[in-house]
Structures are given as C-alpha cells and as structure tokens.
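Quick look at what TrEMBL lists:
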REGION    1-81  region 'Disordered'
COMPBIAS  63-76  compositional bias 'Low complexity'
DOMAIN    158-269  domain 'Phosphatidic acid phosphatase type 2/haloperoxidase'
TRANSMEM  158-180  transmembrane segment
TRANSMEM  217-242  transmembrane segment
TRANSMEM  254-278  transmembrane segment
Amino acid sequence: MPSPKAKNNCGRSGSIPGVTSNGRYEFMSLSRSPPPHLLQRQGSDPTSARLRASESPTRRRGSGSSNASSSSATGGQQLPEEDCMRLNPSFVGIALSSLLAIDLWLSKRLGVCACEDSSWGSIRPLMKLVEISGHGIPWLAGALYCLYKSDSAAGQEVMLNLLMALVMDLVLVAVVKAVVRRRRPTHNRMDMFATFSVDRYSFPSGHATRAAMCARFLLAHLVLAAPLRVLVLLWAVLVGFSRVLLGRHNVTDVVFGFGMGYCQYNLVEMLWVSPLGLQLMMGQMG
Ligand SMILES: CC(C)=CCC/C(C)=C/COP(=O)(O)O
C-alpha cells in the first residue's frame, strides 16, 4: 500500500486518475484541464468531497481538488509503472534535505574558531592569516605587481591571464551568490575585510573557488618543483578548511567552491589570451 506521501507525490507530478462514465479508471495530465464530466463528479461525489475536506492546507493549495480523486481512485491499488517512477523526486528531496541537515550540523561542530572563546579560539588569528592568503585583494595586487615588473613576454602573458582569471572568478562567484542567496552560518562573525555586498551570502565560498583555481593555475604555469607543488596543494586545502573552522561557511559551500574553482580553470585555459591575440585585440581597439 503506497504511503500517503507517495500518493501525494504521484498526484502532483503527472497524471491523475479519475473514473470515467463506464466505471473504469483513466489518467489525465495535470497540464491539461480535466474533462467536464470529471469536474462535475468531483463536485458532487460525497466520498471525494469528504476526502477533499480532509486534505492538508498545503496539499489543497498546491494541487487543487483533482488530487482528491487521486487518493480515492488509487486507494490500496498498485500505481501504474509510469506513476511509480515519479515517486523518485520525493526521495531526491528527502536525500537533499538530509544532506543539508548533516551539512548544517557538521559545519556548526567544525566552526571551532568562530570566535575567540570558541574551543579552538586561540588559533583564530592563524586561520585569519590563511583567510588573507586567499583573499581577492592580495591576489589581484600580486598579479598586477608581477605584470608590471615582468620583463619577458611569456611572464607578462601568464600574469595577464592570471589577472583575468581572478576577475572572472569574482564575477562568477558574485553571480552564483546573488542567485542562491544562502545566508552565512549563524555562528559566523562578519569581520572580514574588503567584502562586496554579495559576500553576506555564503554559497559558494569565494576563497575556495579562488584557492582551487589559483592552485591549478600555479601548478600549470608557475610552480614546477615537487615540494613547492605539494605546498600549493596544502595551501588550497587549508584555505578551504579555514572557511569552515572560522564559521564563515558550511561544508557544502566549500566543497562546491572547490569544484567550481577547478572548473573555472578549464575556462581560463579555453579563453587563454596569447600575445598575438592581445596584439590583435589592441589593433582592433586602436
Ligand atoms: C574585495 C575583493 C577584491 C574580493 C572580495 C573577496 C572576498 C571577501 C570573498 C568572500 O569569500 P568567501 O565567500 O570565501 O567568504
């Protein structure tokens, strides 16, 4: 016997059963209006009227009176295969809510440097140093400085592309934050320096996207010695961890941020500006 929730989902997500004039069940799509004979029956049939009255307000608001006939018609019977497959979204929903609940719980437990009197509050200054190492301003300033100081065409090319990658990262993160609008954890103290207004939102972590993208950039173009490559990777991981320990982000913000930063580097490679391309661009502008 399907659970009330399952029946509800089946009804909401597609076809709804009704009883035809010859007494057989028929299915119709929610996107189409029910035939008039069914509308009339829903209004007059005392059983379906009783079921409608016992519906929860949410269900009544969400799916209209047609769901009442869904409950009465399926009652105890096996649902057609097509409708059973539509139960899946509710499981996906439950899985997602569980993941979010675990995320909130874990992030709160890991926010051990969220303030000075937290359990690991003594290492908060160290974590804030790590935070600064992944902040946009030192990275933009560093790339600009190296671009200015570089005397080889190859060096200038790499620095110019790093600069563009950093700007693109800021824009993409701002767009996703503005769309998703997930609030920062309640235990976060908003004492970060130089933030944009979208930085009151936490999904995804801008530090994590930058750390992942810059780490890939450094490994591909600048850092060749094996011990330094390990250090770059450790730094990126530490930046991610520090976001959760400081209470700035939930775990999922950082995990998504790492994934997004990793993919952003692919975009940087695709849009790579070569000296020739730059000359052509300059020529077209001049
Ligand atoms: C002002 C500039 C150039 C960058 C802002 C960098 C910043 C504060 C990002 C927020 O990072 P999280 O999303 O990880 O908290």
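Yeah, the Cβs are placed from backbone N, Cα and C, and that goes for glycine too.
Here the domain 'Phosphatidic acid phosphatase type 2/haloperoxidase' (158-269) has, by DSSP, the following mix of helix, strand and coil residues: 82 helix, 2 strand, 28 coil.
Long-range neighbours of the transmembrane segment (254-278) within the same chain, counting only residues 6 or more positions beyond its ends whose Cβ lies under 8 Å from a Cβ of the stretch, are 153, 156-157, 160-161, 164-165, 168-169, 172-173, 176, 203-214, 216-217, 220, 236, 240-241, 243-244. Taken together, the residues in the domain 'Phosphatidic acid phosphatase type 2/haloperoxidase' (158-269) have a mean pLDDT of 96 on the 0 to 100 scale.
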